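Q: As listed in TrEMBL for this protein:
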ACT_SITE  Ser145  active site
ACT_SITE  Asp302  active site
ACT_SITE  His332  active site
DOMAIN    63-221  domain 'Alpha/beta hydrolase fold-3'
DOMAIN    273-335  domain 'Alpha/beta hydrolase fold-3'
Amino acid sequence: CHLVHYLRLSHHLIVLNYLICTFDKLKSVSSEDIQITDAVFDGVEVRVFEPPARGDESLKRSVVYIHGGGWALASARTSLYNNLCRIMAESLNAVVVSVEYRLVPEVCFPEQYHDALRATKHFLQPDVLAEYSVDPSRIAISGDSAGGNLAAAVCQQLSKDEDLMVRPKLQALIYPVLQAFDFNTPSYQQNMNMPVLPRYVMINYWIDYFNGNHDLAHALLINNHTALNVGQALSFRGRLNWTSLLPSSFKKNYKPVVQTTGTAEIIQKMPALLDVRAVPLLADNETLGLQPKTYMLTCENDVLRDDGVMYAKRLENAGVDVTLDHFHDCFHGCMIFTIWPTDFSAGVQTRNSYIKWLDENL
């Protein structure tokens, strides 16, 4: 993929996504019990999973799901996410709307956020909910990884929209990526070379999402962009102080990496690094206090572990009812790996716990 990119034949993420989708076509998971249809919500493609009507009910609960993949890979239509959403629809007897937002490099931030927000707001219209026989008081917004990032950002925006008639009851975030302020949290240090999502890969996803220059990767890695002399970052520092937000079992013996003198130009070149629509963990306490009841799934072997734990703690401090579901023996991305040949016990374990919480709270 990188050779193709180097030769300027195509972008490496386009090639990688093509390979993923080509392999994915070799296997498919279907169900006679769930009706699966593709639709367009306010210009955004979605895939809708509808369980059959039951005689003893009139309205169903619902989940808006936003897939992961570093804002650049995967699709609502791939078998991994198709299978997850189908199982959710079956297990919860719920209408599941899977958002097919546009990807990097076709578009960059904030377009993925706008796609997710537009599709969700369209679905929350009373007439659309009625069309799908959805109970307006029983809707969750959910997503994994980069999709968890988008779900959290969408929830924050919806909570401040005074014109919105229907609001989500829950948000369920699965190992979400929530900040680009500190790439040396304990989990980033502990899992910097962990397969599936090493630290340098996550930094490159951020750079691609912001349409930035990869020459800045090393400066980001050592937190030059949020050094003490970078004035734009000062007001956010207290919102991401992992020494106070993480329990000692997560902090272990790791030390903060705070540069005295850094590179303020990085923020000027990529201002989205401090944009709460891209980094929901930097939201103010007032916004956090407006968030719905929250489920947070984190994995020990994941650079993003502390993103989720810190967000859960900040939400809790703001008065939100939060369930932190931490898995000590699991890894980033594991929940979608439940189909042969990647049918891992970690995937089934995390998926079952996630669906159980939704079933009990939605």
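Placement of Cβ uses the backbone N, Cα and C atoms for every residue, glycine included.
Where the annotation comes from TrEMBL, it is an automatic prediction and has not been curated.
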Q: Just the number: how many Å between the Cα atoms of Ser145 (active site) and His332 (active site)?
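A: Roughly 8 Å, rounded to the nearest whole number.
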Q: Can you check which residues sit near His332 (active site), meaning Cβ under 8 Å from its Cβ, same chain, 6 or more apart in sequence, and list them in order?
A: Ser145, Tyr175, Met194, Val196, Leu197, Cys299, Asn301, Asp302, Val303, Leu304
Q: How does the domain 'Alpha/beta hydrolase fold-3' (273-335) divide up by DSSP, counting helix, then strand, then coil residues?
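A: Tallied per class, the domain 'Alpha/beta hydrolase fold-3' (273-335) gives 24 helix, 19 strand, 20 coil.
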